[in-house]
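Down below is the structure, laid out as structure tokens.
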Amino acid sequence: MRVKELLLASIGGSSLCFAIPTALTTRQTTPGSTTRWIVEVKDASVVDLVADAISKADPASTSLEKWKDALLPGLVLESTLDQASLSQVDGVQHVWKVKTFSLPTPDNQTATDPQSLRRRQEGAPAYEAENYSTALHRSTGVDKLHQQGLFGKGIKIAVVDDGFDYNYDVLGGGIGPGFKFIAGYDFNPGGPEDNDPAPDVFPEVGHGTHVSGIIAGKNEWFTGVAPEASLLAYKVFGMNHRQPDTEHIIKAWKRAYEEGADIISMSVGSPGGFSDSPLNILGDRLVEAGVVVVVSAGNDGYHGPDYINELCSGGKTLCVASVEAKLKAADPVVFTFTTADGQTSNMTIAHVGMGAGGLERAPVEEGSYNTGNSMGTYRDIWGTPTPPVADPLHTVLFVSQAGCGMEQKAVNLRAIEAKYVLYYSVGVESLQVLSDSLGNGIVDTAAGEAILAVLNAQGNVTVTFEDKTNAPVVAAVHPRGGLASVYSSWGGTNDLHVKPDIAAPGGDIFSSTVWYNFNTFVDIPRGWAVLNGTSMAAPYVSGIAALYLNKYGGRDKNGPGIAQKLIDRIKSSGTSVPWGMEARHDDPRNPNPVPKDAIAPVMQVGTGLIDALKVLNYQTTLSAANIALNDTANFVSTHEIVITNGGSESLTYDFTHEKQLGIEGRTTKRHIANYIENKPISLSPEIQLPSPVTVAPGESATVTVAFSPPTPTDTSQWPFYNGRVIVKANNGDEFAVPYFGAAFDLKAEVSNIFQDGFPQAEGSSIEETGFEFQWNFANNVGTATVVEVDFKTIWGTRLLRMDLFDQNWQETAWTWPPDSSEGFVGSAVFGPDDAVVDLPRSGSWRERVSSVTWKGQLAGGKTLTEGTYTVRFAMLRPFGDPAASGDWSVWEAEKLVVVRAPAA
């Protein structure tokens, strides 16, 4: 087989870890009239009472779902009431607007035609080059756990994703008892108007199939992390790429618990970052009930800090970042070396990307056309090669990847009619070549040096291309392997909690995939792909969790506390990794260079790369939560770490402080810095570490760590800091507890949550609204039947509102909830897909703009009459109290005139 990379494309504002076309609307709701809400009640016994009370307050409301379980009791309903009104109903605990989610995707990637993925057959012969799966698992210790006979047997993993090719032989060849996929359910089938669940979870695209292969795929040459685990397939993406919403995912997670899942693995989400969203509350309760919940951190790393996936912002769920895999999947190619004295030997080398066409065997010539730009033993083609190769159509040119760009190399090579080019990696360049008319391929640095040594000694090298349909995938050394992935989303959360928790291999991950044919619904081109994303890292961690439960038992054997214990062990297992840099530390294009030896910060990778041997074999468990120091106004100085010795001998523990670089997170443009704009700074708190403590077998000890906040040079640049407290036992076992804080007063710094120049009002004409408006919002003047307000924000907000008052109303009269006795007319009802609760900040990369639309409807079914009104468009600031007028950022609106209103 020829290994092809599938690089992922950006999907607008929210993100699944996969390239898909623009999503269709999830729910068809009368625009601007009712809104779909999830209402949590205080306990299951009052669900009906709350539903009746809402129905009386709003006869237009419709209860669509009633949940009477203990995990998240409540209602799904459509209502004309707003969030504040619903929250006042007796028995209501929380109210959230239903929102949609997607598959996270790296912003700088593009998709490859799926038909280019060649099929591979079973029964592959052995090759000299190292097997890809074995080499990848060695980087995390999973290979040694496999050698111990641990493969996840008896453990149920619920995978919540876009669909699953359960008939693929690498995934068991079927679904039901006795297969790898033991059950499944489709929570979002059909077209955009079809909401009736059905049990078929067959895929639309290959994301769920790829994720499942990482967890549990198996054939003669490929092995997932936990190949004997049982999978529950929960499809939450609909036909035509219809995105899932909060309701779909809640029902999938609840079903996973009901069907006995030990682990929920999810690589879906969008930026958010509030810990009390419905899925974060449910996730925490599932962990308390004994289920390990693993969620990808998201692929929005280019947007800088505070842009973590909403679905992994809970206190107990495991949020997984991505690290570049140390090995890259490659095809084995045989090179024949003939020395100057005639000795011949063969070497099978891992090789990526060459399309050799009909070329079966060819000599290799070094592209050593030296134009005075020698780079040691590595030479580069800068100008047009002279003299040309004697027979370029039957010769493979061997060229360094260093020097000028690959595009320029390709131009120069075409000038001599070269057809086949084999590059060799140098330094930290990627193992990737251009897709163009040249037959490009690349080998890693070690292989390149071996070939170059023979050529420099006046020997000959011949490369032999064979039919690789039956060949196993082998491992090439990834020059960026082990670095934090630049696309991996940064924490912390909007409330300054520590996220992500841990990192795993997610960059350049090879696994199974499939593409659905919408025309025939039969032709399923199965194949393999290399994907990049935290979507690949989360299932890897889920697989390791299955190996642990395979060895020690799940909730059935150990009770519900096993989930939190395992999550704590995973969090503390991380090992530091290098900071993943968009540009090299010495690259003049990088405006904020990172020192070459810098450690990737907690904000990017949590405690670091997961170590499976620590998770399963170390005798110590740290039950400390991540250390959230918060900001200067809410600084939490002391934190406890509970150390439990699960071994048979007493252990003594020492404590050290691992300092990491902080960042200045704000730019001169008054928004949070993107990945390139992040300015590394030396900033660490003073820490009073505990004295060494000895813990007897089976006992626990609680120690206290005390922090003093650091003093930055400029708080207006929003300095963030982070690091790790290292706990080391005298038997050599070592663990880490991460900390994170903001060295500024967040609420004070976000005195105005809107970016400069925003909000802005626009309008359009839709006659059937029945309204016509004139407005003057901060000199944004217009007349239309539909008002759209565009905005950019510098931090996330819990609440967005647009309230209308009598024309003489003043801000000093603000009350919460708004009171009609104070001139309140009503609250605007925005479009069904407009977010108004728990909004993330605006993205820093490519300056994303958000918007809401209003067609004149007010909450509670109220109708405006002709007249003049004061409009208050506002967002709640960080840590804000909605009852305090000053805790809102209020757009300085003028008056809105209703020129025409619907007839009574």
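Quick reminder: no glycine exception, Cβ is built from N, Cα and C everywhere.
Remember, TrEMBL labels are computer predictions, not curated facts.
Keep in mind it's a predicted model, so treat the numbers as computed, not measured.
According to TrEMBL, the feature region 'Disordered' maps to 103-124. Summarising the annotation, TrEMBL assigns compositional bias 'Polar residues' to 103-115. Per TrEMBL, domain 'Peptidase S8/S53' is recorded for 152-553. The feature active site, charge relay system is assigned by TrEMBL to D161, H207, S535. Under the heading domain 'C5a peptidase/Subtilisin-like protease SBT2-like Fn3-like', TrEMBL lists 627-739.
On the structure: features taken from TrEMBL.
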residue : record                           : CB count, 10 Å
D161    : active site, charge relay system : 31
H207    : active site, charge relay system : 30
S535    : active site, charge relay system : 35
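You'll find the Cα of S535 (active site, charge relay system) roughly 9 Å from the Cα of H207 (active site, charge relay system). Confidence for the domain 'Peptidase S8/S53' (152-553), expressed as mean pLDDT, is 80. Secondary structure of the domain 'C5a peptidase/Subtilisin-like protease SBT2-like Fn3-like' (627-739) per DSSP (helix as H, G, I; strand as E, B; remaining residues coil): 3 helix, 61 strand, 49 coil. Distance from the CA of D161 (active site, charge relay system) to the CA of H207 (active site, charge relay system) is 7 Å. Secondary structure from DSSP puts D161 (active site, charge relay system) in a beta strand.
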